[in-house]
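Colleague: Swiss-Prot feature annotations, pasted as is:
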TRANSMEM  26-46  transmembrane segment
TRANSMEM  84-104  transmembrane segment
TRANSMEM  114-134  transmembrane segment
TRANSMEM  143-163  transmembrane segment
TRANSMEM  193-213  transmembrane segment
TRANSMEM  216-236  transmembrane segment
Amino acid sequence: MSNDPTHQFLVNKIVPIEIGGIDFSFTNASLFMVATVGVAAGFLYLTTSQRGVIPTRMQSVSEVSYEFIASMLREGAGSHGMKFFPMVFSLFMFILTANLLGMFPYFFTVTSQIIVTFALAVFVIGTVILYGFYKHGFGFLKLFVPHGVPGALLPLVVSIEVISFLSRPISLSVRLFANMLAGHITLKVFAGFVASLSAFGALGIGGAILPLIMTVALTGLEFLVAFLQAYVFAVLTCMYLNDAVHPGSH
């Protein structure tokens with residue numbers, strides 16, 4: 001079972017809880033979601049609790065992260081979109097921290113679970129819909145009517161726009177889930193290959209050198225992917241929020 005590259009993604013119950021026939025068990029996924037929030041919040045607290053005129057290196061990391069997301073949101077949704085900064089920043093930090101924690105041996109990768117990434121995506125799209133109707137009423141529906149479309153093509157174009165909008169939670173969640181799942185499976189396969197070859201003595205160790213180099217390279221690439229996936233999720237969130245703030249802008 002330990003050689004199965006998908007074994008690392010199994011959700012196991014830590015504290016079984018069942019209420020009214022519904023399973024509310026505390027699992028390893030639950031544990032690492034709590035750990036992700038704790039690590040992210042703890043990092044931000046420790047690096048910003050003693051704010052100095054001349055920032056320390058760690059304080060600079062927090063400040064750069066803050067400005068990075070702020071500028072992304074201003075570019076994606078305009079100055080009016082800054083009201084969503086706490087949400088976008090929290091999503092970015094949660095996904096980034098979860099991705100990085102998942103890189104450690106025997107740690108659970110929360111973002112490799114489609115139910116987690118889909119919940120995050122539904123939260124984003126739900127926020128877009130609720131705020132869009134709250135701010136613009138039925139004017140929010142202008143989002144589905146692009147400018148300059150001939151009347152004869154309007155039903156077809158509106159249908160395509162609605163389907164495209166409703167597919168956003170799927171594309172947003174699957175992109176993150178699939179990248180993290182594929183990356184970790186690839187790492188597990190190469191690492192298992194190295195371990196298997198090493199068991200054949202000196203000749204096997206010699207043959208394991210190339211797979212070992214590949215494993216190290218893939219590990220470095222996976223750390224980059226961990227950041228890029230958090231970045232992409234945040235960028236797309238900003239773009240979707242722009243539809244709620246400026247529904248008739250396209």
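Cβ from N, Cα, C; glycine included.
Any idea what these are sitting next to in the structure?
Modeller: Beyond its flanks by at least six residues, the transmembrane segment (26-46) meets 11-15, 17, 58, 62, 93-94, 96-98, 101-102, 107-110, 113, 116 of its own chain at Cβ-Cβ distances under 8 Å.
Non-local neighbours of the transmembrane segment (114-134) in the same chain are 29, 33, 84, 87, 91, 94-95, 140, 143, 165, 168-170, 172-174, 176-177, 233, 237, 240-241, 243-245, 247; each lies 6+ residues outside the stretch with a CB under 8 Å from one of its CB atoms.
When Cβ-Cβ distances below 8 Å are used as the criterion, the transmembrane segment (216-236) is approached by residues 69, 72, 76, 88, 91-92, 95-96, 99-100, 102-103, 111, 120, 172, 175-176, 179-180, 183-184, 186-187, 190 of the same chain, each at least six residues removed from its ends.
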